[in-house]
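Colleague: Copying in the features that TrEMBL gives for the protein in this structure:
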type	residues	note
DOMAIN	27-228	domain 'ABC-2 type transporter transmembrane'
TRANSMEM	43-63	transmembrane segment
TRANSMEM	75-94	transmembrane segment
TRANSMEM	115-142	transmembrane segment
TRANSMEM	154-175	transmembrane segment
TRANSMEM	182-201	transmembrane segment
TRANSMEM	234-258	transmembrane segment
Amino acid sequence: MERRSYPTLNALALADLAASLRSTSFWMTLAWSDILQRYRGSLIGPFWLTISSGVFIFGLGPLYASLFNLEIKKYLPFMAVGLLIWGFLTGVINESCRAMLDNASVMKQVKLPRTLFIFQIVARNFIIFLHTLPVYIIVFWYCDLHLSANMLLVFPGAILLLLNMFWIALFLSIVCARFRDVTQIVGSIIQLSFFVTPIIWNPATQHAPSWVVDLNPFYALIQLLRAPLLSELISWKVAAMALLCLVVGGAATTWLFVRARKQIVYWI
């Protein structure tokens with residue numbers, strides 16, 4: 001009997017994802033509404049994100065460039081883009097830990113696909129990330145960077161990044177709904193990862209064990225966008241690590257979602 005139930009569970013999980021994809025305008029509207037609600041009454045709205053990011057980057061950039069004994073115009077672009085992308089990653093990860101819990105009342109009253117809330121989180125944080133891009137443009141101009149064909153790689157890089165963030169968010173939302181303490185563990189891992197991952201330090205100029213870079217999934221995800229935004233090619237190691245994360249993580253998340261989907265509403 002149990003073997004016969006698996007196709008049904010698979011079909012339900014697939015139907016959940018398909019329903020979310022058909023409701024793209026709905027979760028995009030929710031994502032925009034969340035951002036507008038957060039800055040309701042503000043004169044410049046979400047562009048406060050641009051200002052705060054710019055102040056942080058242009059405040060710390062010269063300091064760290066001095067500490068690392070690097071020329072500011074060579075160091076600032078690497079640091080700035082890394083911090084902007086890191087903000088997107090951590091925003092998705094932190095919010096996904098409470099995705100199911102924060103929408104518990106909705107899920108218990110309205111029949112909505114579970115993955116819809118994950119799409120909403122990823123979309124909301126990506127929109128926030130886009131609002132910080134003016135900082136990148138200013139850095140690009142100030143540091144005399146040049147346009148190149150390599151920058152076109154930002155599009156496949158963004159797709160691969162978003163796909164990875166989707167499975168990460170879905171996986172964490174399910175696990176944290178079942179085990180509440182995991183949220184605190186994730187927060188601690190994020191704090192440690194900030195210093196271990198080449199965000200404010202460049203592996204090309206600072207000596208570090210090769211495994212910190214080559215086996216660091218956060219570094220691979222950041223480089224998917226940072227490399228092309230800095231007119232560089234995405235290295236094969238970065239692409240391989242990102243694809244490996246997508247295949248392995250996506251498969252594990254699919255397995256978990258298929259089996260846990262119906263139980264989520266009872267855990268929250």
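The first residue you see is number 1, and the count goes up from there.
The backbone N, Cα and C atoms fix where each Cβ goes, glycine too.
TrEMBL entries are annotated by machine, without manual review.
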Colleague: Look over the recorded stretches 43-63, 115-142, 182-201, 234-258 and say which has the most C-beta pairs under 8 A to the transmembrane segment (75-94).
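Modeller: Most contacts with the transmembrane segment (75-94): 115-142.
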Colleague: Apart from its near flanks, which chain residues at least 6 from the ends of the transmembrane segment (182-201) lie with a Cβ under 8 angstroms of it?
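Modeller: Answer is 60, 64, 68, 79, 82-83, 86, 90, 93-94, 97-98, 172, 175-176, 208, 212-213, 216, 218-219, 222.
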